Amino acid sequence: MAAAALLLGLALLAPRAAGAGMGACYDGAGRPQRCLPVFENAAFGRLAQASHTCGSPPEDFCPHVGAAGAGAHCQRCDAADPQRHHNASYLTDFHSQDESTWWQSPSMAFGVQYPTSVNITLRLGKAYEITYVRLKFHTSRPESFAIYKRSRADGPWEPYQFYSASCQKTYGRPEGQYLRPGEDERVAFCTSEFSDISPLSGGNVAFSTLEGRPSAYNFEESPGLQEWVTSTELLISLDRLNTFGDDIFKDPKVLQSYYYAVSDFSVGGRCKCNGHASECGPDVAGQLACRCQHNTTGTDCERCLPFFQDRPWARGTAEAAHECLPCNCSGRSEECTFDRELFRSTGHGGRCHHCRDHTAGPHCERCQENFYHWDPRMPCQPCDCQSAGSLHLQCDDTGTCACKPTVTGWKCDRCLPGFHSLSEGGCRPCTCNPAGSLDTCDPRSGRCPCKENVEGNLCDRCRPGTFNLQPHNPAGCSSCFCYGHSKVCASTAQFQVHHILSDFHQGAEGWWARSVGGSEHPPQWSPNGVLLSPEDEEELTAPEKFLGDQRFSYGQPLILTFRVPPGDSPLPVQLRLEGTGLALSLRHSSLSGPQDAGHPREVELRFHLQETSEDVAPPLPPFHFQRLLANLTSLRLRVSPGPSPAGPVFLTEVRLTSARPGLSPPASWVEICSCPTGYTGQFCESCAPGYKREMPQGGPYASCVPCTCNQHGTCDPNTGICVCSHHTEGPSCERCLPGFYGNPFAGQADDCQPCPCPGQSACTTIPESREVVCTHCPPGQRGRRCEVCDDGFFGDPLGLFGHPQPCHQCQCSGNVDPNAVGNCDPLSGHCLRCLHNTTGDHCEHCQEGFYGSALAPRPADKCMPCSCHPQGSVSEQMPCDPVTGQCSCLPHVTARDCSRCYPGFFDLQPGRGCRSCKCHPLGSQEDQCHPKTGQCTCRPGVTGQACDRCQLGFFGFSIKGCRACRCSPLGAASAQCHENGTCVCRPGFEGYKCDRCHDNFFLTADGTHCQQCPSCYALVKEEAAKLKARLTLTEGWLQGSDCGSPWGPLDILLGEAPRGDVYQGHHLLPGAREAFLEQMMSLEGAVKAAREQLQRLNKGARCAQAGSQKTCTQLADLEAVLESSEEEILHAAAILASLEIPQEGPSQPTKWSHLATEARALARSHRDTATKIAATAWRALLASNTSYALLWNLLEGRVALETQRDLEDRYQEVQAAQKALRTAVAEVLPEAESVLATVQQVGADTAPYLALLASPGALPQKSRAEDLGLKAKALEKTVASWQHMATEAARTLQTAAQATLRQTEPLTKLHQEARAALTQASSSVQAATVTVMGARTLLADLEGMKLQFPRPKDQAALQRKADSVSDRLLADTRKKTKQAERMLGNAAPLSSSAKKKGREAEVLAKDSAKLAKALLRERKQAHRRASRLTSQTQATLQQASQQVLASEARRQELEEAERVGAGLSEMEQQIRESRISLEKDIETLSELLARLGSLDTHQAPAQALNETQWALERLRLQLGSPGSLQRKLSLLEQESQQQELQIQGFESDLAEIRADKQNLEAILHSLPENCASWQ
């Protein structure tokens, strides 16, 4: 049965036409026919896939007896063994009955049994039309298995056939199902036909795809069956094994005998190509595909090629090949698609796309819409019909469009003549004004072509600067004349037409003829007119009525009427006009008259007096043409040479059209001008009141400018000279009369006020402060109101510093430069700039370091320099006596300049003086020595620098000198003898002079030496020696006894022995006295130096200028103590000098020695006290200077940062000064110790001899010494007391300085917060700019005054005034800047409301007090801080200056600041609301004011303000925008202005203080460099 079904499928799929070649798609005639690929086993060689295959792992299987391959033993399946594997490749390999191979699944022992299925999948690579599927089993066939297929590669699995003995149970399908005709034939059947267990081997299962399908015999017409047989993949699902039922015992041998095994898997069918291909093969991608014919494409030739869409695609059948036909696109496209509707209606379904050449239609057979072509072979062209002018956009075959009425053109793109503005409604008619247009309107825009002076779309109005639109005017409108001052004019109704006429009825009427040579003569006149002779080339000159102002003839005709012979042509006549330096010629522009050839005729020649006329030479602009007519000086007619006329030619009439005042007929060409400001008159020919000609007497053509009389008078409109009033003068009333002051530029009657100066002398006003300053004070006076004395004068005219004192000329003894400035003090008259080395209130003394007469008439005889010798003078004292010139010399130094030593002294050394020669009183002839070497003049035989020893070969040092030794040259060992005159003898010689031989010695024969006598003489010599020794012993005993000789042995008294050693002690006491006096003088010098240092401290503390009272009192007391000490020392020195010291004194200590010891102790204590006083005073001076500098800076009103910095610098200076004092004490201490050692040495030397004072003869001296000791003790106590006071004063000053430094702590915080206050300076920029302009004007006036007073002294005075004014302007600028800080202080720091309160209070406090720089961060804390700082400032200012404002005013101002601080809380809410809107503005302000903060104080204010003016203007525009912010700023500015008014009084006082301070600084700078300075 399976074989029968298989044969049926093959028969149905085979071609019906016998003999038709299935491989050819075209027959022998080239006609298409169906073609099919070969029928094949599609499974052969293709690799099938099995889900389960035995051998992995290897296993044993036991075939049933009777099965193929069954034997006695079981076999083994091993996938790794090529001989024993049974993989899926054996399904589709070559099948042989003899050598069978098979695929085998695992046995039941491995779980292969229902419901576990084993699947075999076969992929065909493309769609095949399957005829049958055959399976040959190596074992028994399965009890249940199924065949599935896929119609397309990505399609679902579809059931193909089910085989099962339990169809319903296993697959849910009935067994033995069949189909009726009309039912869906794509249904899988289930059958039990092949489900028996027998045969055990080699059973076949053949499935025919068309078996049981009713339409199988009509396969070509059944798409369902065609799709049913189509498959791309096949799947065999082996679901249940057939068993004998012995598997239930699970015997392994039994289970190993049940498994699936297939030896062959065959699929019969053809490659599906739908009848359009005869073969299949791999494509470029290696995939199996049909090689399509019949213009088809696709893997299965399932569609037509893109351009072969003329009919629908269809399978090729035996009856028809259904070849795809190409589309008909008329050669204008290569793309088309199949359109079923088009095919249904036309039989051709190919619809072309993307037709070229602007064609359209299914076959590109016609032009697109709005395109055309005149030849079907040509491309279509666009119609381009104008949409607005065409009835529709489609044109005919010629491209001509159908136009709307009033529209023309091939494309209906233009209007007909007389129409314009093509639109959807067609064209509109032109409405050009014929008087102003030249032709019809532009057909596109409708704009009319206007004449030169006409404008508008319709040419219906004159251009600006013209008027009187007239048809006969070639330019349309006439140009406005208005004397060049206006371009706006119109026709006036106040003038009528007027004709200037010459008809020659009564003669030539003033016309003259001029020949070529230039001579004038009356023309030839007859009743017919004036005879013209063209051959003579004469000119006719018009009379006066045609000349002059003929502006009203501009643009009007000048008509000449001639009487000419019949048939003659018009004469070539030229018209020449001259006037105002201009000239031009015109030719006639028209000809009129009857053309009667038989009679003489009248001919009119018309000339238009306008620049647009033809043949105008040279061409002139309209204004110049009218200017020529305004002053026409000559009008001449000239007949050019030409053909001789047939008869006489007469000029019968000349008519010039003009105008004159009247109403009818109106002369519309006369203008009335609309004059700009400053002009008046119908033609703007006059200057309006208050205006003048820019060029005096310039006439109506000159421009008018405003009178520059500053509202103080009127000016002549032609000359411009002002007639001034209101006490003003000048060409422009720009200054007040002498004796008046004010700002005449304000334009008010009371601008100039009488000067409040003596005798109403001249004055001026500072522009910003409005301060009146007198400029011509009486001789000897100066100042803003002449309130101070002029340079070189002194006094107090207004009694500002006491009783009024008139100004007197300073008396400086002729020792000042009369041309210098600041020679004397303006109040006291004390001279400040003394010359010729003079000083004093009136330069009546010589300066320190100079001597002579300061009042000498000749400068050479005045003060001369001391020129003290630097080595011999005392540098600490005054250089010299101011009268004698005697310098203060060091000890033992003399001469006026201390250039040499006293007699008896030598070796001049700096700081020490001269040393004593110390010439020996016995050995020297005098007590003087050489001033350089110190060599004394010795007595005979004496040598040594001090003549204190005998020369070699001399002895007997005495008052007479030394005597010669006269030692025997033969017997003496040397020329020098002993002090007793005995010589040193050679052996064998003896005697004082060694001039004899010893006893028992004799002189040799040669006389060279002494020879010993024989030995017998020795005994005698020994005995004589014994006797001599006893004599010597006796002699010694006699010398040791007191025999009334106080000085020595008798031989000394007799002059037999030296006397130097004996007499030397007689001079010890006088030498000690001199040394002691020298030390006393040194002590006196030290006291003087201390006094001078105290005086310098006194000056440094400004005790002469109301300095610190406590400090100055202590310094005065110290000076009194030093003065008393000096007096005591001088008294003691005088007593010591007057004492008579005896030649000898007691050897025991006396009371005098004790007093001397006490004096040394007192001197030491005095020296130490003086050192401490100097150190304390120096510290007091530094502390005072520091405090004074601090107070002075506060008085000047410097900012907190500068105050803090200065105080810190001063504190460092105090510490540096203390360190310097310690260094100075360390340097002075060795010198003091040296002095003390000297005093001690002197005391030790004199102590033995001072004991003589205990004798009765010394009682007066001892009494004096006791008094001196008592005074010294009192001096010590006084010095100790004042030392204590000085220490306390220094401690007090040190405490005050530390307290002052502690006051800077709030100023440090002020410095941090004051930087933000600089952001409040912008709103005063404009006012400051005006200030600078005023300052420049005033300085220019001062420079002018400088030219009037060329003397140097006057120049200096003017320069001082200019400096004062500049300083005031700068102060005023600072004031305005601070006012701006206050104005912006309410708006700028909006970023922080709490910080805003502090900054606002800081501005008020700084501008009010100039001393308290603390900020009001919070109202209460700021108030307490300001009060504390103000109280400290008040206490300090009372000691530093009498010009500080009263504390009551500061208290009121601080209360005002407190009230302002209270008002800040009310503004806090408004500030918070405005914060967001001003954030960007704050950034701009911060950048701007950062530059202001870094501004150099010496930079001109104008320069700085000009640099920032543009940024401030931009910010002002932003802040000036309307809104709530502007209103709030206005309120803040009003409040700031109120505060400004309250502070102005205090600022005025501060300005006065600054002025006084500047005067003091000027005095300070004028002092010589060696004068005392308190800075």
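Note: Cβ is positioned from N, Cα and C throughout, glycine not excepted.
Residues 1378-1399 are the range that Swiss-Prot records as region 'Disordered', among 278-299, 696-717, 1378-1399. Range with Swiss-Prot annotation coiled coil, chosen from 623-667, 848-892, 1028-1072, 1523-1567, is 1523-1567. When Swiss-Prot is consulted, the disulfide partner of C415, picked from C403, C412, C427, turns out to be C427. Feature coiled coil, per Swiss-Prot, maps to range 1201-1228 of the set 53-80, 557-584, 1201-1228. Among the candidates C383, C403, the disulfide partner that Swiss-Prot records for C395 is C383. In the domain 'Laminin EGF-like 2' (327-382), the DSSP tally of helix, strand and coil residues is 7 helix, 16 strand, 33 coil.
The most crowded of the disulfide-bonded residues listed here (C441, C450, C843, C887) is C843, judged by how many other CB atoms sit within 10 Å of its own CB. Broken down by DSSP into helix, strand and coil, the domain 'Laminin EGF-like 7' (755-809) contains 3 helix, 19 strand, 33 coil. Neighbour count (other Cβ atoms within 10 Å of the Cβ, all protein chains): 22 for C757 (disulfide bond). Using a 10 Å Cβ-Cβ cutoff, C736 (disulfide bond) registers 26 neighbours. In this view, C462 (disulfide bond) is surrounded by 26 other Cβ atoms within 10 Å of its Cβ, with every protein chain counted.
If you measure from the Cα atom of C843 (disulfide bond) to that of C863 (disulfide bond), you get 11 Å.
Other Cβ atoms within 10 Å of the Cβ of C919 (disulfide bond) number 24 in total over all chains. Residue pair C868 (disulfide bond) / C846 (disulfide bond) shows a Cα separation of 15 Å. Nearest to C450 (disulfide bond) in space, judged by Cα atoms and limited to the disulfide-bonded residues C757, C774, C950, is C774.
Within the model, the domain 'Laminin EGF-like 3' (383-429) shows a mean pLDDT value of 90, rounded to a whole number. Set side by side, the disulfide-bonded residues C336, C459, C707, C846 differ in how many other CB atoms lie within 10 angstroms of their CB, and the most is found at C846.
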